[in-house]
Amino acid sequence: MHQNLITRWLFISCIMVILMIIIGGITRLTGAGLSIVEWSPVTGLLPPFSFESWQVEFAKYKAFPEYQSVNYDITLSQFKFIYLLEFIHRLLGRITTLIYIVPLICFYFQGVIKKCKMLPYIIALLLFCIQGFMGWYMVESGLLNNHSVSHFRLAFHLIIAVIIYHILFYQLIKNYCDLLLIPSQKLLLIFSCISITVIYIQIFLGALVAGLDAGLVYNNFPLMGDNFIPIEIQDNLFNLTNLYDPVFMQFMHRLGGFSVFAVNAILVICLFKVKHLQLTKIAYFLIIVLLIQIATGIITIVYSVPIIIASIHQFVAIILLSIIIWCYFLFKNS
């Protein structure tokens, strides 16, 4: 009974975090992230309702660089759209946090979760708290002298969300999934760890690309212009200033994509070699997800970052990570 409660709670929490990640990505892609220029964790629970209230919020927005440099011709109706998108993102963050924290407190005091097993849940709780601050810290960077947020802060904001999901999903499969009765698979465990690491790096690079609008600089594949290494960075490939260069970031994200494919291709081969029915099914599922991820990534580049495809690309990255976390769980406990 208690096990089922924990499983349902973790499943819902995982879904909510995924929604947060996707809506956060859409917020970034639509340029809505800087539309709310204040951080009001308690008083900001309701959007403006009256015309006067909307005018007040619009006036606040006009005082900051994004309006003055980019959206100076935006109408009130257009402002309402981006404002409500950012509002939904923040509201969903509050709801997700409550969905996680309230049952956790109840489970702890009722003894449903034993004290010796609380550590990962406490870490996730702390990350939820840090995430709220990190979100505002990111937004604040776009309200100073720049009309866009720091791509580094954006990347860390995303990675914290992914780590939260990772912790919750791992606890979910520990509660729900059966172990495999197979011999120890150290090689598969090692490749699972490598794959998780490479996917994390690729997600981080993807956030840097999004933060710099780097998906727009080259729109052909597999080359960038007429070269594999774009001409702009050929002479200074290892310069630290490249971390602020959209061309370099798109190049690194492409390299990351090749790395993710290579590592997971090896993992798929290893899964087939075990000749276990469930691992074979996982291998086929991994192939499908990997191909979808590659296809959506290429389409995102070639068609100048269409919002729907880019959002699917981000979602599939989380699914890919989930499969590898599942593999890690199976091989760690084999």
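Placed from the backbone N, Cα and C atoms, the Cβ positions cover glycine too.
According to Swiss-Prot:
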TRANSMEM  6-26  transmembrane segment
TRANSMEM  93-113  transmembrane segment
TRANSMEM  119-139  transmembrane segment
TRANSMEM  154-174  transmembrane segment
TRANSMEM  189-209  transmembrane segment
BINDING   His253, His313  heme binding site
TRANSMEM  255-275  transmembrane segment
TRANSMEM  282-302  transmembrane segment
TRANSMEM  305-325  transmembrane segment
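Listed by sequence, the residues of this chain that lie at least six past the ends of the transmembrane segment (189-209) yet keep a Cβ under 8 A from its Cβ atoms are 151-152, 154-155, 157-159, 162, 215, 243, 246, 249-250, 252-253, 256-257, 259-260, 263-264, 266-267, 270, 314, 317, 320-321, 324-325, 327-328, 331-332. The list of residues near the transmembrane segment (6-26) in space but at least 6 beyond its ends in sequence, with Cβ under 8 angstroms from a Cβ of it, reads 32, 85, 88-89, 92-93, 95-96, 99-100, 103, 107, 112-113, 157-158, 161-162, 164-165, 168-169, 171-172, 175-176, 210, 307, 310-311, 314-315, 318. With a threshold of 8 Å between CB atoms, the same-chain residues lying at least 6 positions outside the transmembrane segment (154-174) that come near it are 7, 10-11, 13-14, 17-18, 20-21, 24, 28, 100, 120-121, 123-124, 127-128, 130-131, 134-135, 138, 200, 203-204, 207-208, 210-211, 318, 321-322, 325-326, 329. Residue density at His253 (heme binding site): 23 other Cβ atoms are found within 10 A of its Cβ, drawing on all protein chains shown. Through the fold, the transmembrane segment (119-139) approaches residues 33-34, 36-37, 39, 41, 90, 93, 96-97, 100-101, 104, 113, 149-150, 153-154, 156-157, 160-161, 163-164, 167-168, 170-171 of its own chain, all at least 6 residues removed from its boundaries and within a Cβ separation under 8 Å.
For His313 (heme binding site), the number of other Cβ atoms no farther than 10 Å from its own Cβ, over all displayed protein chains, is 24.
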